[in-house]
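According to TrEMBL, the protein carries these features:
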- 60-79: transmembrane segment (TRANSMEM)
- 61-520: domain 'Major facilitator superfamily (MFS) profile' (DOMAIN)
- 99-119: transmembrane segment (TRANSMEM)
- 126-144: transmembrane segment (TRANSMEM)
- 156-176: transmembrane segment (TRANSMEM)
- 188-209: transmembrane segment (TRANSMEM)
- 215-235: transmembrane segment (TRANSMEM)
- 258-283: region 'Disordered' (REGION)
- 268-283: compositional bias 'Polar residues' (COMPBIAS)
- 324-345: transmembrane segment (TRANSMEM)
- 357-377: transmembrane segment (TRANSMEM)
- 428-454: transmembrane segment (TRANSMEM)
- 497-516: transmembrane segment (TRANSMEM)
Amino acid sequence: MAESQSTSLSPIEVQDVEFHTDTQPYSPSSILSNEPIKLDIEHAVVEDDPRLWSNTKKTAILFIISGASMFAGLAANIQNPANAEIEQQLHASSGDISLSLSLFILIQGNFPVIWSAIGEIKGRKLVYLLSTALFIIGSAIVAVSKTIGLVIGMRIVQATGSSAVFAMGAATLADIYEPHQRGTMMGVYYSAPLLGPSLGPIFGGALTQGFSWRAVFWFLVIWGGIIFLAFLFLFKDTFRKERSVTYQNVLNSRLGEQQSSEAKDESQNISKSEVGGENQTTSKDIEAQRTVIPASAIKDIKLSIADVNPLPAYLSIVGRKNNVPILIASGFTLGLTFSIAYTSARTLSMYYDYDALMTGLVLLTFGVGSVMGSILGGRWSDRTLTRLKAANGGISFPEMRLESTKIAMLWLPLSVIGYAWVCQEQVNIAAVCIMLFLIGFLSAWIYTITLAYIVDANTGRSSMAVAANSSVRGLFAFVAAEIAVPLQDTIGDGGLYTIWAGVMVVVECMLLLVLYKGRKWREASVEREKQTVYAK
């Protein structure tokens, strides 16, 4: 795993570094002069800066993590067409099958918190390799399982392994791309896991009909092996410890312990109070105003997995007032998409008499819409951010990006209502496909923009921010999957998705609230966190 090293600074010179929120270009030569360096934690000086890599290298990284996220998306529901055969051969009940699916969703959504904490200490590449290996092992054991209990257990292992890319993927993009490029790249990246659930039933149906249900999981083993080799030989780690708030906080703590125990003289001591005194600025947008301790200024301090404690970083993310509405909105959005993917398969089977392969082809319209919405929404958000930044005198802040969600807000609830009654009245399948496309397009448009906002608004904690987002989404998707069928049986598609249309209106109100109030909330939260750190 590649290790980053900072430009050499002595402990005394650390106190002369001046931090600012606004992104400033920096030159390594300036470090050798006596003038202060204007940096934020996202632009701390590092060796082999991933943001300065060639476009070819960046594109290769984007391609690899997109491929990994696609198999993570596939794994969630590629089993669906094989469920009947699994029940028959393993003497399982429908409840057992439902449990395997629900637990997969729950674990896949929540385990990224652990992977994120490890990644912020040991780097991205190690996490990718460990998690992919775990996914391959889980898939192989499912493929040879002879009891439903072993299938359920190994599906949990699969979910654990496939979950890492959801936290690390967005963090990796944040490592290599500047904020004004992230919307576009997030859109491209997120199109892969969005397409996965739509391709899953097609691959699952074809493999089950052509071979058996076990072929589905051998397919995942092969795909996982390809991704593992890509990470091993083609992926270069993008993690830089100087740009990680989590790493810097742990390093600060360990440094304090070392200084206390060794009682070094004042010239060798980097005290938190001294650094804090130098970290006062007049900027109002203070998200990135954090002290960075260069690795070369720290001697004989090694951080290990024992230093990983995801709880403080997780609580910091969910404790920010601006993050909470976004996380809830994201959870509801994924809940809608899981509910549609789950119930539409039943609707197409019961009322349109479609088999697994035909159902997969219809659901592909939902996936295509999602991919287009993700890519175009991401690009639109970058354009909006650039336009608003220019109108604001060249100064930007993360909440500006949310302005670009407005274009989709009117049409999403209307599309959900349209889908509700098209299915309820069992009209021509073409109308169902159109509604599925629109819902996929509009929901992905909004989600991609909110994902980019979560990364931008949590500087130095991008992987934990995405992991927290994944955790909330996993919980909402788990609940949505559990209640979807009972509600569909009770009030039909018309009633179920009319309710969902109302939920989408609430989601949009949350986004507008953060758009207009989020900056103030975010600044207050960051200032409170800084005061807490300096008080220790």
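Glycine residues also receive a Cβ, built from the backbone N, Cα and C atoms like all the rest.
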Do any residues of this chain, six or more beyond the ends of the transmembrane segment (188-209), have a C-beta under 8 angstroms from a C-beta of it, and if so which? 62, 65-67, 69-82, 85, 166, 169-170, 173, 215-216, 219, 337, 341, 345, 355-357, 359-361, 363-364, 366-368, 370-371, 374-375, 378, 440, 444, 447-448, 451
With CB pairs under 8 Å as the measure, which of the listed stretches 60-79, 99-119, 324-345, 357-377 comes out on top against the transmembrane segment (497-516)? 324-345
Within this structure, do the transmembrane segment (324-345) and the transmembrane segment (428-454) have 3 or more Cβ pairs under 8 angstroms, counting pairs 6 or more apart in sequence? yes
Distal contacts, the transmembrane segment (215-235) - CB-CB under 8 A, six or more residues away: 60-61, 64, 67-68, 71, 74-75, 78-79, 82, 125, 128-129, 132-133, 135-136, 139-140, 142-143, 158, 161, 203-204, 207-208
